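Student: Sharing the feature lines straight out of TrEMBL:
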type	residues	note
TRANSMEM	7-29	transmembrane segment
TRANSMEM	89-115	transmembrane segment
TRANSMEM	127-149	transmembrane segment
TRANSMEM	182-204	transmembrane segment
Amino acid sequence: MPTKKKTLMFLSSFFTSFGSFIVVCSMLGTQEWVSSQIAISDSSSNGSLVITYGLFQGKSHQEFSHGLEESQKGFEVLEKLNNSSRRTLHLVAVLLLVLSLCTSLLSSGFTLYNSISNPYQTFLGPVGVYTWSGLAALFVFLTMILFVANTQSNHLSEELAQMLYPLYPTTTYRGTTHSYGYSFWLTLLVILLSAVTVVIIVFYQKARHQRKQEQRKPMEYAPRDGILF
């Protein structure tokens, strides 16, 4: 059976790693990743297209220069994207986030297992926790970078606007501003929770090593005659 200190330390890591799992679930389920406002101007009207979307769903509406606003309408992101590089990169971002979800769950499973037992296999111990927590943070970081690149450099929002509002060609676009929502910034929370999970186990390993060193000292500093006796 593990010591009381080990149980408490690994249970703390379990809560942080399971917390990252819950956060990734909310990232997949919410649509407040980015809100893009595309200014439009043509011979008949001026205004802007506002598109807010996540990995799977989104909503859009049109704002006119004279103050009127079109009612919002929902859409499926993947259905609106053609078979282009934007769709491919978007699917890769989704896949990376799903991998982060799986590795976060594995990390929480490993920490819970270590809180109630002393595994014989090295990988089932702290090494496994380091591996899965590190991968969870890496996958969500790559998702973050890929989503920004696809939105900013690959003009993902503009393609969605073309599919949602075909009456306005790209020649009428006068600039796009992006505002990233809470669903996007939750990526930083996942990285933080994964890092805290690793740090807790590192402190446990360090304290365990120091305790072993202290247990050796009585023999090292014992009187020679006592040892001979």
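Cβ from N, Cα, C; glycine included.
TrEMBL: automatically predicted annotations, no manual curation.
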Student: Do any residues, 6 or more residues outside the transmembrane segment (89-115), come within under 8 Å Cβ-to-Cβ of it, and if so which ones?
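Tutor: Same-chain residues near the transmembrane segment (89-115) but 6 or more away: 2, 6-7, 10-11, 13-14, 17-18, 20-21, 24-25, 27-28, 55-56, 77-78, 81, 124-126, 128-129, 132-133, 135-137, 139-140, 142-143, 146-147, 149-150, 154, 156, 190, 194, 197, 201.
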Student: Which sequence positions outside the transmembrane segment (182-204), separated from its termini by at least 6 residues, show Cβ-Cβ distances below 8 Å to it?
Tutor: 5-6, 9-10, 12-13, 16-17, 19-20, 23-24, 26-27, 30-34, 54, 100, 104, 107, 111, 126, 129-130, 133-134, 136-137, 140-141, 143-144, 147
